[in-house]
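*Asks:* So Swiss-Prot says this about it:
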REPEAT    3-41  repeat 'HEAT 2'
REPEAT    218-256  repeat 'HEAT 3'
REPEAT    344-382  repeat 'HEAT 4'
REPEAT    385-423  repeat 'HEAT 5'
REPEAT    575-616  repeat 'HEAT 6'
REPEAT    1357-1395  repeat 'HEAT 7'
REPEAT    1398-1436  repeat 'HEAT 8'
REPEAT    1604-1640  repeat 'HEAT 9'
Amino acid sequence: MTRPYIKRLSFTLLDSITDKDPMVQEQVCSALCSLGDAQPDETLHACEEYLRQHDKLAHPYRTKILRAMETVLSSHIHDLDKDTAGAVILLATSEMTRTKELDCDWQQAAGSVLVAVGKRFTNQVMEEVLSRFQPGMLPHSSVLHTLANLSVSNAFDMVPFLPSILSTMLPMLSMAKQDALKVVFCGALQHFSESILEYLANLDQAPDPTVRKDTFGADIFGAYDVLFHHWLQSRDAKLRLAVVAALGPMSHLLPSERLEEQLPKLLPAVLGLYKKHAEAFQISKSLGQILEAAVNVSSRTLEVQLDALLVALHAQICVPVESSSPLVMNSQKEVLRCFTVLACCSPDRLLAFLLPRLDTSNERLRVGTLQILRHIINSAAAQMEAKQPFILSSMRLPLLDTNDKVKRAVVQVISAMAHHGYLEQPGGEVMVEYIVQQCALPAEEPEKPGPDGEDLAADSVRAVSIRTLYLVSTTVDRMNSVLWPYLLEFLTPVRFTAALTPLCRSLVHLALKRQEAGADDFLIQYNANANLPSPFAMTTRLLVVSSNPYLGDGRGAASLRLLKVMHQNIHPFLGQRWETTMPMLLEYLDEHTEESLSLKEWEEKLLMFLRDTLAVVSDNIWICQLSQEMCKQLPSYSGTPQEKNFLYKCIGTTLGAASSKEVVRKHLRELLETARYQEEAEQEGLACCFGICAITHLEDTLAQLEDFVRSDVFRKSTGIFSIFKDRSEHEVERMKSCLILCYGHVAAQAPRELVLARVESDILRSMFQCFNTKVLGIKVETKDPALKLCLVQSLCMVSQAMCSSAQASSFHFLRKTELVTQMMEFIRAEPPDCLRTPIRKKAMLACTYLVNLEPALEEQTQADVVHSCLHSVMALPPEAEGGDGVGREPLYLDTVCALEDLLTRLLRQNMTPQGLQIMVEHLSPWIKSPRGHERARALGLGACLLEFFQEHLLVSTLVPFHNLGLLVGLFAPRCADTWTTTRQKAVGCVYSLLYLQLGYEGFSRDHRDDVAERLLTLQDGLVNADPTILFHTCHSIAQVIAKRLPSDQLISLLLTVFESLGDPDKNCSRAATVMINCLLKERGNVLLEKVPEIVSVLRAKLRDTQEEHVLPAAQHSVYLLASQHCEAVVSSLLGSPLPFDSHTCALWRALAVEPGLTAQVLELLLEKMSKDVPFKESRAFLLGSTADRVATLLPLAATCALYEVLSAPSSGTVVLELYPQLFAALLLRVSCTVGVQLPRNLQAKERRSTSPARAARNLDPCSSAVDALQALLLRSGSQDMLRCVELERGWELLKTSAGHEDGVAQLASSMAKYAGPRLPPVTKALACTQNSVYEIQRVTSTAFLAELLSSNVVNDLMLLEPLLDNLTARLKDSSASVRRLVLRGLANMASGSPDKVRAHGPQLLTAMVSGLDDGDEPHSPVALEAMVGLSRLLDLVEPWDLRLVLLHTTIRIRPFFDSEKVEFRTASIRLFGHLNKACHGDCEDVFLEQVVGGLVPLLLHLRDPQVPVASACKFALCMCVPHLECAELAAAFYKYLQEGRSVHFGEFLNSTCKHLMHHFPDLLGRLVSTNLFYFKSSWDDVRAAAPMFTGFLVLHAEPEQKTQVDLEQLIVALQLLLKDPVPGVREKAAETLGRLVKFA
């Protein structure tokens, strides 16, 4: 039976090979391979027979079948019997030669089959193939292909056939006329030759070791003759390439004399092909093989052909490369291989050809030549060794080339030279210097490649050079003597600066190696190496470049490491000390990045290191030599200002350590004479140098400065006609600026006790002498801002130095007023609209220091100082801050800090309330400014002054703070300023003033007042710009002020605040109103006396103005009126036009002020709302089938009014009393307005209304009712309930017909959770509406009551029984929606009262089962609700109660498994799972049959297109599996079917079927037949899963179980699925057919 069965399976699959979907075709082939794995002979026979019978089958499909056969053969060639092999060989040979097309996939597939068979049945294959390879007849091209492939795949078995094949083939060559066939012959000859060469190379393993090359020589030469003399001249490019590809391996098989004879013609011919073919890989490869063959026979022809060879090969290397594809790269490698061959046989001729070409200016030629040179240096090292000097000298011109590609090639050649000892020869240093030069190239961004794709950025050259230098210095030991100490020469020249990092790294490595070798090798003999930098030059250079440590790839750390290693060569005393200090510097760099490092701190650390080094050396001669070297290197850093600045500091430090005054004076004078004054950074550096030097040499420093000012150099520059002489006016100003800065730094750095005596007599005199210019005896004020800035900065340093002196308190500074006046002139001269220079800041700082010195400033002078400084900073535009407090310019912040310091220093002179008031009065115009940024700045300064005053307050006697009210009145209204920062600062000012009052009352400074501390908590409320919160906070602030303000200050406070009513900032005006009202209320009777007058005024304002403070008065009036005429007011307001405008809404809210009045208003509104019908039905068209519901006006107006009254916070008490009635009425109002429209007149009115007084709320009837219900919840304190419903979108659901029930349920759930005690009266109120004539109201009340049962709170409130009775009474309601909700409510007991379910089990189960049979509709929503409810209740009822309904329920829900509606599938399957879970005891026997019957549907519906259904199947399967009592199956289910985890369905199904067939083999037939039902499923994925399920069952079943399966029926069904419109289904069907081989 096996063969017919396999044949049928195979034929069924093969019939589907023509499927249009490629994936299905692939699956068919895969299934065929599966059949072949089990039954290779039968499958191959079936395929062979199918192809013979279906002669007309298109060749693409025949190809696929042949490919499948090849796969089977490759895997099972050793299992194949001879007959099958024979049949396959005949078929494949026939298929291979059926078409005469060349290079066809079909032929290739057939040939591959023959090659696969030929690995074992070589003789049989050769017999059949050679039968089609007859002498005198041109063979089929595929025959040649197959022979060639056989020879490559099985050389040992094929080579013995080759002599006869070659002898037969030779005559055929001349018969071939078609170029395509000639190409095939060439390929065959190439493979034959390669096969022979492989055989000869492995003779020790060959079956016949006697085979010799001579055996093939004659035939190969005969073939060579045809190929070379006839075919190579063809016009067909493909043929020419095929010929040359064959000639390469053939040349190794030619007899030596023949090869020697042919080389003069062969080599030129092959070289000529370069001109005809763009793709040169095959040509170069064959040329290399030919050259190797020629060398092997010691051919003399090469000498003759060498020049032509070199020219052609050189041209190939120099040809522009279009891409970096593997083919192009391989072609280059083959050409270089040719050069290697030539270098080994003719090195002199090769170099004589190459080296002159290095002198060319052509970039490509030079780069190509360098590539060849590098290659032969590496690959022919022995032959090139004697040529090293010659090669080195020829590199002279390439070293001068500026082209980046040439540079890169040169670097690579030098790298190769270094590895082979070239650089040890004379002239090798030049190569090293070249590498260093390339390391010093600028590290630019990579450039975009040019049009030819060849351009390399300079950085790539640099990167290659850096890597080369490091590798050569660290890995090539023979280079140590070349590089050390030679590389040290490159440290100090500026042109090598960019190479310092790689240089230092290499030098560190070399130095450490030398140290290991011994001190003699490491210590440098400077006398013998004149070009090496001295220890002083090296120290200076490495220290200075370390000042910017992250520049140049981190040269700071590299330089310091080199400095540390070189300590013995710098000074013998430094080693031990540097071992301690140097690692600390390096660790500091490691801890920081370029962004986090403070350059100022780093420079200070380096200067400290230098001081420490100088102290350790303690040798004046060495120090003087070091200072001389430092001065000598100054010009080298003209292009790097920061490093030059640091070098100046180093010079100052070194001179400070020198003990020779003559050397110090000499160097200082030279520095002054040679400085580049026009550079600002150099001015600063020179000044720092003089300052540092003055620490130990003050007299000498001042003397040198004085001498220079008097010298001809300076006088010559400052004469009236200097513009025509040596220096321009600009240069003169720069020189003056620098000298002034020098004096400032000298004063700042020198010892304080020495400076004070020299300030007026020397330092200031000289500074102003430089600053003031006289022309013809007349003083001319300078206009140079830089000179001004230097003077101000220096005066600041001088002033600070004077103040910090121990004798400052007794020092009488005569020029104080003059200097302050000068500073004010500078400040007033600054532009008022911008902040560009730090002149303001520096001048104010100078004044701050000067204020402390004697004599004291006059009062008017102080006022002028304050006024000028305030105007200079306050009036700046806000852009000066750089934005709203974020990213402010540091200059602005520093300037404000300087102003604060100056004002507090002036306040310190008069620490009295009067003094504080004077300072605040200066700020007052700015505090009241119409410009917000000016107010914010002024408040900031005010806060600073008050804080300072409070911190330094000393009250010796109890005195009144007489101006407290005035000051508080100035700051308090600013608590509502439109600027947030101003509000915050204003509160801080009030806070400080209240504590100042407490201080004056005698309280200690650390006393904390609870009332005043409230201001800090209120400060947070001012962050929010919401006016309600803002003014409420202002009210609270006013309460605090009222409690702490002395009575005698109240009038002044009120008068001051009343002035703020007209403040340009409207917020402050409103805040003034709030504060006035609060103060009046808190203080007593004033408000009561003024109420009538105030209310009258505000009511009049209501018509004319929209100011917010008017409205409360009008509301109060309405309240008084309603207290006397409640019903009239309510009726009148209800008659207002809808929608209510904002004034009407406000008046409604006023009626909620007093609880008694509020209760009356609410009861009246409830009566009005229920008095009329909620809607009327009308038809838009007389013939319309559906009537529109239109809201009635009175209930609508009452609903809107209820919302306004309930919105008033004061209505809360009354709302709690009337809560049940309000809640029930509003909920039912919501229900009966769902879908209800406005009357047409109101719709049009609402569309037309554009009045600003109109309320923003929507007039929609349902929305109005929902708003009122929300207001009720909010007012009753049920904010949590309100938020809960909002989060679940319950309010939106309430307004829609589709979501209304869910919205009601969410409302009930949240009430049970957050407002449980209110449920009994609410439940009672709603129960009374159960008989409402409106169905929607019955639905709403039932939904609410049903949801309550899901909460446990009904037990606590004794509501369970009443609710059950109420709901069960509605089971016969005429509305299906009501009945459905009743079932939902009964099921809710599972979550709300699970412990009560057992007691009510029969009642609940009866209700649910009756729900399953509700109505005649097959998909009744009541039945769906019953299934969902049963799922929830099953785990909680008595098992006996369940047993009574178990079977009926299971049978009733089974049809829903395959329902078209997803909800029914989900609910029924999940209920099935719960039935399994709840099944106990005897039920298991009854239920096991149902489990087995449901297994297939559940597994297949895991592929259901709906996720909930698949999830339900996971649950049901996990519940079913225990009944099967199979641990392995249970483990698989729990592993794969975890909730939330995606199921790899194929893997899971495979595992499941494996366990099912192992433990339940008798179920095979039943499972397969059930699967057959789903072969016709309407869901594609389920339809695809069914055959897959079947396939896995078959895969894991034992062969003897096949009797359970109707194979005929199954195969027919699968055949039908192979015609399914869905490719995935066809694919699975094909896969399953492949598995049916199991039952063969």
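Note that Cβ sites are derived from N, Cα and C of the backbone, with glycine treated the same way.
What does the local environment look like for each feature on the list?
*Replies:* Residues 47, 49-50, 54, 57-58, 61, 64-65, 67-69, 71-73, 75-76, 79-81, 84, 1607, 1611, 1614-1615, 1618, 1623-1624, 1626-1628, 1630-1631, 1633-1640 of the same chain, all 6+ positions outside the repeat 'HEAT 2' (3-41), place their C-beta atoms under 8 angstroms from a C-beta of that stretch.
The list of residues near the repeat 'HEAT 3' (218-256) in space but at least 6 beyond its ends in sequence, with Cβ under 8 angstroms from a Cβ of it, reads 163, 166-167, 169-170, 173-174, 179, 182-183, 186-187, 189-190, 193-194, 196-197, 262, 265-266, 269-270, 273, 276-277, 279, 282-283, 285-290, 292-294, 296-297.
Beyond the repeat 'HEAT 4' (344-382), the same-chain residues lying 6 or more positions past its ends with a Cβ under 8 Å from any Cβ of the stretch are 295, 302-303, 306-307, 310, 314, 317-320, 336, 390-391, 394-395, 397-398, 401, 403, 405-406, 409-410, 412-413, 415-417, 419-420, 422.
Per DSSP, the repeat 'HEAT 5' (385-423) is made up of 31 helix, 0 strand, 8 coil.
Using a Cβ-Cβ cut-off under 8 Å and counting only residues 6 or more beyond its ends in the same chain, the repeat 'HEAT 6' (575-616) has close neighbours at 543, 546-550, 554, 556-557, 560-561, 563-564, 567-568, 623, 626, 642, 646, 649-650, 653-654, 657.
Helix first, then strand, then coil: DSSP counts for the repeat 'HEAT 7' (1357-1395) stand at 27 helix, 0 strand, 12 coil.
Counting same-chain residues at least six beyond the ends of the repeat 'HEAT 8' (1398-1436), those with a Cβ under 8 angstroms from any Cβ of the stretch are 1364, 1368, 1371, 1376, 1379-1380, 1382-1384, 1386-1391, 1442, 1444-1445, 1448-1449, 1452-1453, 1456, 1459, 1461, 1463-1464, 1467-1468, 1470-1471, 1473-1475, 1477-1478.
Under DSSP, residues within the repeat 'HEAT 9' (1604-1640) fall into helix, strand and coil as 29 helix, 0 strand, 8 coil.
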*Asks:* Restricting to the same chain and to residues at least six past its boundaries, which positions have a Cβ under 8 Å from a Cβ of the repeat 'HEAT 9' (1604-1640)?
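*Replies:* 1-2, 5-6, 8-9, 12-13, 15-16, 19, 21, 23-24, 27-28, 30-35, 38-39, 42, 1562, 1564-1566, 1568-1569, 1572, 1575, 1580-1581, 1583-1585, 1587-1588, 1590-1592, 1594-1595, 1597.
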*Asks:* Tell me the residue counts in helix, strand and coil for the repeat 'HEAT 2' (3-41), as DSSP assigns them.
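*Replies:* Output for the repeat 'HEAT 2' (3-41) reads 32 helix, 0 strand, 7 coil.
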*Asks:* Need one number: mean pLDDT over the repeat 'HEAT 2' (3-41).
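*Replies:* Summing pLDDT over the repeat 'HEAT 2' (3-41) and dividing by its length gives 90.
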*Asks:* For the repeat 'HEAT 4' (344-382), what does DSSP give as the number of helix, strand and coil residues?
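*Replies:* Tallying H, G and I as helix, E and B as strand, the rest coil: 34 helix, 0 strand, 5 coil.
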*Asks:* Please count the residues of the repeat 'HEAT 3' (218-256) that DSSP assigns to helix (H, G, I), strand (E, B) and coil.
*Replies:* 32 helix, 0 strand, 7 coil
*Asks:* For the repeat 'HEAT 8' (1398-1436), jot down how many residues DSSP puts in helix, in strand and in coil.
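*Replies:* With helix first, then strand, then coil, the repeat 'HEAT 8' (1398-1436) has 28 helix, 0 strand, 11 coil.
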